[in-house]
Amino acid sequence: MAKLLAMILAGGEGRRLDPLTRDRAKPAVPFGGRYRIVDFVLSNMANSGILKMKVVVQYKSESLNTHVQRAWRLTSLLNQYVELVPAQMRVGPKWFEGSADAIYQNLNIITDEEPDFTFVFGADHVYRMDARQMLEFHLDRKAELTVAAVPIPVQEASEFGIIEVDADGRMIGFVEKPQSAPKTIPGDPTRCLASMGNYLFSTDALVQEIVRDAGDPSSAHDFGKSIVASMYQRKRVYVYDFARNVVPGQTERERGYWRDVGSIDAYFQANMDLVAVDPVFSLYNDEWPIFTVQYNYPPAKFVFNNEHDHRVGRATDSLVSEGCIISGSHVHHSILSPKVRVNSYATVDESIVFENVNIGRHCRIRRAIIDKHVDIPAHTTIGYDHEKDRKHFHVTESGIVIIPKGMRIEAGR
């Protein structure tokens, strides 16, 4: 049986997710109520039976470190592990200078473990994937590198590495974040083939390429710009079509679902994808669960049913986590993390509320993301007057209001 190792790159700063990333790395941002973004890649690896994982961290990693240590305890008796790898300056007094450099500075891990194949996956995407099917493709093609790819609308091409392939799936072109007209999928001028940032290497090839790249002073030391863009011209680089990946328990509608949640708008929409009656991505797949830390909180509680004065505790088309209390208020099309309290006569609509938030009586909240440890005073209105909101909060061009972690909001704002 082949020896496998997963290197999970979780050191991303996530500037486009500011202010959600002011105090945490992007993979540590909460998602779907009770998860962190990093849980999706780790769950995919665990469900695929790849049980040796190194999580490479750097930027504001305390929250991420704490989460991984609490949630991801595999059994050492079977040599299974999820281990954190902080920046250690092993090759000199410098931090990681790119995703490829993060691997170079930790090559000792790979050479010590001696895997036959090494997965190098990002930690900031939402999806389900059986990574062993990618391995089967890699072996079948006798590839040295396999890149997972997904079709995207052509107008989004400037945000991704865009790939061109031949009829056998071999990479024949690659441009990182093209600023001019990108290559489209043959027969489909509306879509491009984008790299998912997930790579599978034959380990010998990985070590050779990483060492070669480290010795190039002109390199950006980035997997897309530097490794893939160079390697496909010289070696056997193939592209795995993620749309072919079949996950147990997944509906046909969910197949191929993958979201880069690197911007506020993309993050918000991916969360909203979860609350539909028939969602395009369901958290309720027992055959391929998303694992996370288990809280010792009581069940969610809904209280008051006074229809005559509109004091009814209810939630519709929403995800409400453990420890929440919906007290005579209405939550609609929203996601609540643990220990959120929504008090009487308040309404929360199309919003994402992080842990330990209190929403006062008669508040009206719409299209907002509220970070942890925020107390919203009674009668506060958010999301209904963007000009007023911009004086106090961050508001995106699409009208999403973000309230940073621990922000103090004055009564009567």
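Cβ coordinates are placed from backbone N, Cα and C, and glycine is handled just like the others.
Remember, it's a predicted structure, so these values are computed and weren't measured experimentally.
Site annotation (Swiss-Prot, ligand alpha-D-glucose 1-phosphate) includes Glu176, Lys177, Ser195; from Gly161, Gly169, Gly187, the additional listed residue is Gly161. The Cβ neighbour count for Gly161 (alpha-D-glucose 1-phosphate binding site), using a 10 Å radius over every protein chain in view, is 24. Each of Phe160, Ile162, Phe174, Val175, Pro178, Ala194, Gly224, Lys225, Val228 belongs to the same chain as Gly161, Glu176, Lys177, Ser195, is absent from that list, and has a C-beta within 8 angstroms of the C-beta centroid marking the alpha-D-glucose 1-phosphate site.
The secondary structure of Glu176 (alpha-D-glucose 1-phosphate binding site), as reduced to three states from DSSP, is extended strand. Neighbour density around each Cβ, counted as other Cβ atoms within 10 Å, peaks among the binding-site residues Lys177, Ser195 at Ser195.
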